[in-house]
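See below for the structure under consideration.
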Amino acid sequence: MWGIVKLELKNFFKDKKNYVPIIILLFIIGIFVFKNMEYEKDNKHLYSRRLENMFIDIEHEYENKIKMGISQDMPLMKNLETQGKLTNNLRRAINKRDSKKYLESSIAWCKHNISMIDKGEIYSHMKDKTYYEVRMKQNEFLLKNDIEPMDDGCYMSGFNFLRLIGSNVVFVIILALLAYIGSSAYASEAQYKTYKLLYTQSVKKSSIFMGKLLGKFIISVTAVALTLSISTVVLGIVKGFGTLNYPIPYISQGSIVIITLGHYLAKQVLLLLGVILFVNLLGIIISMFIGNVTSSLITTMVVIGLGYLLCSIDSMASFTKYLPFSALQPLKILGGVAIENGIANYSPLMISSNLVTVMCFLYSILLFFAGIFIVTNKNHMK
C-alpha cells in the first residue's frame with residue numbers, strides 16, 4: 001500500500017500541469033485579500049457615516065412625533081431621546097478612536113435597542129434583536145479581555161483571513177482543486193492503460209484503493225495547506241496575525257454563541273479535513289467507472305454542483321442538513337454569518353458545523369467501504 005502512496009505522490013508532483021490549479025488558487029486568494037484590504041479601509045469611514053445617518057434619522061423621528069402632538073414626557077419619546085444620545089456617544093468614540101469608550105458605548109447602545117425591541121418600539125434604522133444580542137456579547141468579551149475591537153467581517157489579519165476563507169469564491173476553487181486531485185485516481189490508469197501494469201503487482205486491489213486514497217488525501221491536504229499558509233504568513237507580516245482569543249459569532253445547537261477565533265479555526269480545520277476526505281473519495285469512486293480524466297473531473301464537479309444546489313433549497317434544510325453537501329454551504333455553517341457591507345446578517349436556517357463535520361466523516365466511511373466493495377467484487381477497469 002505504501003508503494004502506491006509514494007507512486008501517487010511522485011506522479012502528482014512530477015507532472016507540472018498539476019501546479020496550475022494551485023497557482024490559480026493562490027491568484028484568486030490574492031485578489032480576495034487585495035479587495036478585502038481595500039474594503040477594510042473604506043469600511044472604517046462607512047461605519048462612521050452609517051452612524052451619522054442613523055443619528056439624523058433618530059432626530060427626524062423625534063421631531064416628527066413632536067409635530068404629531070406626542071408629548072416629550074411620554075416613555076416612547078424618552079426612549080427615542082436616549083437612543084439618540086447613545087448613538088451620538090458611539091459616533092464620538094469612533095471619531096476619537098477611543099476603543100474602550102467605543103466598547104462601553106456600543107454595549108449600552110445594544111442594551112437599549114434590545115429593550116426598545118422588547119417593548120415593540122421598532123424603527124426603520126434598527127436591526128433585529130439577534131444582531132444587537134450578538135454584538136453586545138462580542139463587545140463585552142472584548143472589553144473584559146482588553147482586546148482591540150475590529151470589523152472581523154473584513155479585517156485581513158493572518159488568523160482572521162483563515163476564518164473568512166469559508167465564505168467566498170475561494171472555497172469553491174478549493175473544492176474544484178480537490179475534485180481535480182481525486183477524480184484522476186483510476187481514470188488516468190484507464191486512459192493511459194497503466195492499470196494493467198499496476199494490477200500485475202503482488203498487491204491486493206483493496207490495498208491499491210487505500211494507497212490511492214491516502215496518496216490523494218496527502219496531496220490535497222498539502223496543496224490546500226500550502227496555499228493558505230503562504231497567504232496567512234504574508235498577511236501576518238503585512239497586517240499582523242491578530243489574536244486567536246478574538247471573539248466571533250458561531251452557531252451552536254441552533255443558536256448564536258460567542259467563541260474564540262482559535263476555537264473556531266480548530267472546528268474549521270476539522271471540517272475542512274472532512275470535506276477533503278469526502279470529495280477525494282467521491283472523485284476516486286466516480287473515476288472507477290469513467291476511463292477519461294477530463295470526463296471524470298466534469299462528472300465529479302456536476303455531482304458536487306447538484307449536491308450544492310440541493311442543499312441551497314431552504315425548504316429542504318431539515319433533510320439536506322444530514323447530507324455532506326451541506327459543507328458546501330459555508331454561509332450556513334462555520335459561524336453562519338453573512339457579511340454584507342460590514343453588517344452581519346443572521347439566518348434561522350443556519351447549520352451546526354459540528355453536525356456537518358460528522359456527516360462528512362460518516363459519508364466518507366460509507367464511500368470508503370463502497371470503494372473497497374467495488375474494487376474487490378466488480379470489474380471497474382475496462
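Placed from the backbone N, Cα and C atoms, the Cβ positions cover glycine too.
Please treat TrEMBL annotations as automatic predictions, because they have not gone through curation.
What you see is a predicted model, and the numbers here were worked out from it, not measured in a lab.
Within the chain carrying the transmembrane segment (20-37), a Cβ under 8 angstroms from the stretch's Cβ atoms is held by residues 154, 156, 161, 164-165, 168-170, 173-174, 176-177, 180, 223, 226-228, 230-231, 235, 239, all 6 or more beyond its ends. Residues or ranges marked as transmembrane segment in TrEMBL: 20-37 (among others).
Taken from TrEMBL, the feature transmembrane segment covers 165-187 (among others).
The transmembrane segment annotation in TrEMBL covers 213-238 (among others).
What TrEMBL lists as transmembrane segment is 244-262 (among others).
If you look up TrEMBL, you'll see 269-291 (among others) marked as transmembrane segment.
Annotated transmembrane segment per TrEMBL: 297-319 (among others), in sequence order.
Counting same-chain residues at least six beyond the ends of the transmembrane segment (355-376), those with a Cβ under 8 angstroms from any Cβ of the stretch are 205-206, 208-209, 213, 267, 270-271, 274-275, 277-278, 281-282, 284-285, 288, 321-324, 326-327, 333. Residues annotated as transmembrane segment in TrEMBL: 355-376 (among others).
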